[in-house]
Amino acid sequence: MEEYKGVWLKAGIIYALNLASNGFKPVEVGLGERDFYVDVESDTTLTLDEAKKFATYNQYSYQLKDGYIEFNGNKIKVLGEPSSLEPKYFEILNISVHHPSPNVQYVRIRGVGFEKKEELDQYLKWLEEVSEYDHRIIGERLDLFSFPDETAPGLALFHYKGQIIRKELMKFMEEINESMGYQEVFTAEIYRSILWKTSGHYDYYKDKMVLFKMEDEELGLKPMNCPAHILIYKSKTRSYKDLPIRFSEFGLVFRWEKRGELYGLLRVRGFVQDDGHIFLTEDQIKDEVKMLVKKTIDVLSIFGFKGDDVRINLSTRPDESIGSDELWEKATNALVSALNELGIKYIVKEKEGAFYGPKIDFDIRDSLGRWWQLSTIQVDFNLPERFKLEYIDKDGSRKRPVMIHRAIYGSIERFMAILLEHFRGKLPTWLSPVQVRILPISKDVEDYALNLLSKLKENKIRVELDMSDETLSKRIKKAYDEGVPYMIIVGKKEREEGKVTVRGRNNVEIRGVKFDDFLKALLEEIRNRDLNQSAINKLK
């Protein structure tokens, strides 16, 4: 079950009809159908009775093991006690055809069920809100990005205003990395397969890799940046005095997601990670992880994600993994020790670590009540072992370093999509592609408006001048709809007095403001990366 604004939902209900055996078509199944089953492709929780009912209905074999029902290679977590929730009000959300394999297809009916009608109505209203603020709609409306048919599926084109947002996010992360002592690097995107075989990606991640042959040699686009950073580490002899060595990169990676799973910027095949890799000694792990956890919490708070809206998880060894039990235990204990010393509560996610090491994940809850997994910190003893990394210790002996993988945004594209939906298209001023729009009341004050435009540009403010023939009220509405944080309205009176009228996106309007006072407050708001419109609040 999922939690939504304090209401417990029986969400994600699915009824799967095997077309191969009974020939049903999607349109033949209506709202009256009550045999709902849980999607076997997700890590969905259901009761033991529900699991048995699901498995009994289906013609395929299954078995219960370690609290999971195994079905056709998929696993569903089973609760020990039957649920007391018996939904009375259902709504069909989607009917589609699903092809899990070439010879099998299903009609999949997605729906939700609630005990009370008002809960169902509340949920449907929430769905409308989610749909309205879909980042794909916002991206098109604000001219941020597109997915033309001529590009490969899952690869976005970022327009001028969308690139501004990306650059601001990267600039902020560059400042964070510099404050933590990172060396920014740049690495290639194509590598010989021998690299991926050494790293283990070829055996454990091949299904998501883009591999191809050129001149009788197998090559691959990088799905992760870590092996490339390892090659930089190996390029010279390292001393214990050099450690920790921290590399950062805005690295473009490619992962071959299934076409049906692609979803705007949230699930793409090519994306930029705010990646970082730290090479260090074992006794440096705890302090480094603690610093990373604290810095991640600080960064997320800049975007308004703090307190109960941040959830920290510890993900342990998955079934498909590399390395010995001893190395996994050491890595997991290092993460646990750091979290405990910080006094941070965390949730253990069994078997959800990376194939090379355990990890700390940060989930955030957005303004629409949804949880998103973002930041990650991973301790890795295995890749240094596989690549035979070394450093010279105090006594002259050669020792194996430990490696920490970290990404705070996760990826620029996904984080940008989450922010667009979280802020509903109205980004904080420092992130907004257009920060100020000047609206002259008439053409008589065009010279004054142009003078203000020049001064704002001199101070690196992203500003536009709207001299269109539309009415002032329409131009104000247009600026508001486009998420412009501030409007400067000027008429004859403002020109004569050398002042401006400032109108905020929050509909606060202040007349007779000295331009220099507004500029000073605006620059301070941008410099501090304030969430709220602090500039106009200071002018009140």
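Glycine residues also receive a Cβ, built from the backbone N, Cα and C atoms like all the rest.
Of the listed candidates (His135, His159, His277), Swiss-Prot assigns His277 to the same Zn(2+) site as Cys226, His405.
All protein chains included, His277 (Zn(2+) binding site) registers 28 other Cβ atoms within 10 Å of its own Cβ.
The Zn(2+) site is set by Cys226, His277, His405; from the centre of their CB atoms, other residues of the chain with a CB within 8 Å are Met224, Asn225, His229, Ile230, Asp275, Gly276, Ile278, Gln378, Asp380, Leu383, Met403, Ile404, Arg406.
Remark: His405 (Zn(2+) binding site) has Cys226, Asp275, Gly276, His277, Ala354, Gly357, Lys359, Thr376, Ile377, Gln378, Asp380 as non-local neighbours, by Cβ distance under 8 Å and separation of at least 6 in sequence.
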